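For reference, the structure discussed in these notes is given below.
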Amino acid sequence: MSISRREFLKANAAVAAATAVGATLPVKIVEAAEQKDNIKWDKAPCRFCGVGCSVLVGTDNGKVVATKGDPESPVNKGLNCIKGYFLSKIMYGKDRLTTPLLRMKDGQYDKEGEFTPISWDSAFDIMADKWKDTLKTKGPTAVGMFGSGQWTVWEGYAASKLHKAGFLTNNIDPNARHCMASAVGGFMRTFGIDEPMGCYDDLEAADQFVLWGANMAEMHPILWARLSDRRLSSPTSRVHVLSTYENRSFDLADNAMVFRPQSDLVILNYVANYIIQNDAVNKDFVNKHTKFALGTTDIGYGLRPDHPLEKKAKNPGNGKSKPISFDEYAKFVSSYTLEYAAEMSGVEPEKLELMAKAYADPNVKMMSLWTMGINQHTRGVWANNMLYNIHLLTGKIATPGNSPFSLTGQPSACGTAREVGTFAHRLPADMVVANPKHREITEKLWQVPAGTIPPKPGFHAVLQSRMLKDGKLNCYWTMCTNNMQAGPNINDEMYPGFRNPENFIVVSDPYPTVTAMAADLILPTAMWVEKEGAYGNAERRTHMWHQQVKAPEGAKSDLWQLMEFSKRFKVSEVWPAELIAKQPELADKTLFDVLYANGVVDKFPSSECKGQYNDEADAFGFYVQKGLFEEYAQFGRGHAHDLADFDTYHETRGLRWPVVDGKETLRRFSKGDPYVKGDKEFDFYGKPDGKAVIFALPFEPAAEEPNEEYDIWLSTGRVLEHWHTGSMTARVPELYRAYPDAQIFMHPEDAKARGLKRGDEVIVASPRGEVKTRVETKGRNKPPRGVAFMPFFDARQLVNKLILDATDPLSKETDFKKCPVKVMKA
């Protein structure tokens, strides 16, 4: 392979730009330097964020030795961010777990005992005993699982089947509850169907971009590289950035806005009002394709019912609405004037107006992008609805460059948590357990008796913690997530439930995380390309990979664990007699037989596996992944969630659903979408009348605000070098050295007022706990006076101890962005 001087110079220029977002060299340059014939390369989606980059995985002598950006990927086009570059090292931490560990004392299980190695059979024996006893004495609502947006598609599907059709409980919820539940709520309320209508191609087609509380430069760096390329190559392109503190995304901002926490609701309504007042409503679009509704207000904060804020709320948890007219909506938002928005938000009026004008201009294609700043919000569903309001009022939606785009945090929060339906209230393809017709469809496809799936939603993530603490949830299995570090209000609501002597806690993880160390039984887990998998990214792209190396001896995939565990239960041991009477032939079968060896999941022979390895197929005697996928895909085909056949995904870099007649769909709800029929330009077919809903929703304050004692807002989040709790990235030496310790970022004047300076050790405290850290007054994050920021990747500084477990009452998603604290010298 040769490179010309011109190509070399061009590549260097590209690298200079890419370095700003932690991107790596284009693959062509990398290959020129490497050329190691003994390395075998295969594709896989990246293990980290929801962008869904494709990487080439290099294996040699049974180990992953290198990764690089995939030049054939339409997502990342050969680029990697810094985390993707070091993917090859995430599986080889020195403390990788390889044997089950049970708390024992004097040779027996003991809640206060020391972790002791045991066999897999022994681990499943004690698990089965605990589950059977709990199911018998307390019933299905006393067992549950906390899963992950990092599960593969079939892991999430197998887990959902095991609980909803096996253990007869809806007590399964993913960690996506903490990050994407408000996005789901926004989609379902406005459009009646989940996930973005646009795609990443809109980054190259949009004229202007608005980032609503999204630090894309660090959290979605490859998409930021594409956005940056558009901004720098188009003279008329502009970038507006809103956040509660300055971050690296502000480096590219033409219009930088730092707003007071919670006031984004005011700004959103101001923009809608501006559009109406300046006669910029796309009347033809609005009349044909939208309707208006007034949302219920004063809905509380998702706290325990006896909390004063819940007692005070008039309509706690009420998501109902009533129809209104356009004129009534216009009157509702008319009080959200420029002056009011500027006063409430602290943003300069001219900056707010500049952004509003861009939305209102019919000749400017607009792309809105948001993630945790909007979703992790006590009114996150409302904020999502209000963002869609702006795009619907102007008709700037579902066409190239006009895109309200909800970004995703995890690699399969879309593909697994949302599409598969691993939430406590959901079923596959946007169906819900509360709907009798949806339960009937699911039960028929799963070949289980009518009435198997409970109609009542199970415990959501925050409620699971409360129920564990209260002794109402007693057998609990956590997989592929580290909630004891990532979840809210750890001291008061989470840790007590794990250590409640009534409860038996199981954690499946490759490493001894904070969550694992609080458990009773730890199960060692296979990672990433140590198993065959599929993820679904933020643009509806489903992408598969083959197993490329063996897991360390003793570590088993989540899928194997779920299916093998199901063999320990006979139907007669877990189902009531009246349910068995409907299909008595199932009585002596195991849950494995009923759920996974049902003639559909097990119909594909192991010989169809095309990867070098497939440990699950070897263990169970059939192509497990293909069988689970093809059964699951039946839910969406013909129902606007169409997936291609299994084998096609292994031959591509992913396809965006709906996939009909072998063709993916770039944009939904507009011409080109196979579900938009005839000569229609738009059809919001998730709603029975084909019309999207524009909601009238007000500003409501945060659950807590700073006071005399706790006088500064704290926001938590991520950094470029680490992902979530650092359970993988902190074990990569290069990433750990790049960012070893969390700090609290403060305004220099706030630090000075407290007698602090950069580098000082401090105590950060809220009414719920305290952490010790160091002050940072410079660097990448620059909060305004009265605001501080602290990342949550550092297991030695559990900052989420400080966070109140207040949630959006509609989505049940926690607000991690607004916590009053005090900062004191240590």
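Glycine is no exception: its Cβ is also placed from the backbone N, Cα and C atoms.
Since we're looking at a predicted model, the values are computed, not measured.
Copied over from Swiss-Prot, here are the features:
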type	residues	note
BINDING	CYS46, CYS49, CYS53, CYS81	[4Fe-4S] cluster binding site
BINDING	LYS83, GLN150, ASN175, CYS179, 212-219, 262-264, MET372, GLN376, ASN482, 508-509, LYS531, ASP558, 716-725, ASN800, LYS817	Mo-bis(molybdopterin guanine dinucleotide) binding site
BINDING	PHE792	substrate binding site
DOMAIN	39-95	domain '4Fe-4S Mo/W bis-MGD-type'
SIGNAL	1-32	signal peptide
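Where Swiss-Prot records a feature, it is marked here on the structure.
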{"residue": "CYS46", "record": "[4Fe-4S] cluster binding site", "contacts (Cβ under 8 Å, 6+ apart)": "GLY52, CYS53, SER54, VAL55, ASN80, LYS83, GLY84, LEU87, PRO411"}
{"residue": "GLY213", "record": "Mo-bis(molybdopterin guanine dinucleotide) binding site", "contacts (Cβ under 8 Å, 6+ apart)": "LEU242, SER243, THR244, ASP264, TRP370, THR371, MET372, GLY373, ILE374, LYS817"}
{"residue": "LYS531", "record": "Mo-bis(molybdopterin guanine dinucleotide) binding site", "contacts (Cβ under 8 Å, 6+ apart)": "THR152, GLN547, ALA551, SER557, LEU559, ASP615, GLU616"}
{"residue": "VAL719", "record": "Mo-bis(molybdopterin guanine dinucleotide) binding site", "contacts (Cβ under 8 Å, 6+ apart)": "GLU218, TYR739, ARG780, PRO791, PHE793"}
{"residue": "PHE792", "record": "substrate binding site", "contacts (Cβ under 8 Å, 6+ apart)": "GLN485, ALA486, THR716, GLY717, ARG718, HIS724, THR725, ALA742, LEU798, VAL799, ASN800, PHE816"}
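Regional average pLDDT for the domain '4Fe-4S Mo/W bis-MGD-type' (39-95) in the model is 96. Packing around CYS81 ([4Fe-4S] cluster binding site) is summarised by its Cβ count: 29 other Cβ atoms lie within 10 angstroms of its Cβ, all protein chains included. Excluding the listed site residues CYS46, CYS49, CYS53, CYS81, the same chain places PHE48, VAL51, GLY52, VAL55, ASN76, ASN80, LYS83, GLY84, PRO221, ILE222 with Cβ atoms within 8 Å of the centre of the [4Fe-4S] cluster site Cβ atoms. Secondary structure at LYS83 (Mo-bis(molybdopterin guanine dinucleotide) binding site), as computed by DSSP, is helix.
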